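One structure is given here, and the rest of the page talks about it.
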Amino acid sequence: MANCAVLDWQGKEAGKASLNLKVAKDSSAVDLMHRAVLRQQAHSRQGTASTLTRAEVRGGGRKPYKQKGTGRARQGSIRTPLRPGGGIIFGPKPRQYNLSMNRKERRLALRTALMARFNDVIAVKDFGSKLKVPKTKEIQDFLARLDISSNSKVLIILSQPSDIIRRSVRNLEKVKLIAAEHLNVFDLLNANSLIIGEDALGKIKEVYGDD
């Protein structure tokens, strides 16, 4: 079980929160999280790079000049890979980079990553409830009250982020806002600071606590 402080919007302590999730064994935890990150990054690749082979590149099949008597190296086609504008040898073609991972392993990797970072978590009660209009300065001031550097990568996890909060954080380059249902291993491990809404913490317990 791991514990963290619950703070209000002013940065004052408003209670305690705890989380107890099943995690991977120490001997396999790093490998499991590593495979989960590789899978996530592989799935984000488009795989649309494509080049033309000598059979596909535009141009005639006529021999550019005679075989002998020119003093030059022999050439059989203007589409040969040896000439500028010719085909590409072993160039990339559209492909899928997706990696497979069992659902049970994916969930275990996510729980392991979350528990590993839980000591760095700051739970916030009623996050952004006082924001009536989108205001980036309010978010910046809030992070400053938590002693979070402007250069730190911050992950904010809420159960259902409102449009006001989304618009308030979208201009902050180092701040990423996600819904609790979109929680993932890469974002958890990549962030320097983790902020979780108190209601999002309940959602995480509900979704990931029964395995």
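These residue numbers are counts, starting from 1, taken along the chain as shown.
Each residue, glycine too, has its Cβ placed from N, Cα and C.
What Swiss-Prot lists as compositional bias 'Polar residues' is 41-53. What Swiss-Prot lists as compositional bias 'Basic residues' is 60-71. Marked as region 'Disordered' by Swiss-Prot: 41-85.
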Kindly report the helix/strand/coil residue split of the region 'Disordered' (41-85) according to DSSP, in that order.
3 helix, 0 strand, 42 coil
Any residues 6+ beyond the ends of the compositional bias 'Basic residues' (60-71) with a Cβ under 8 Å from its own?
77-79
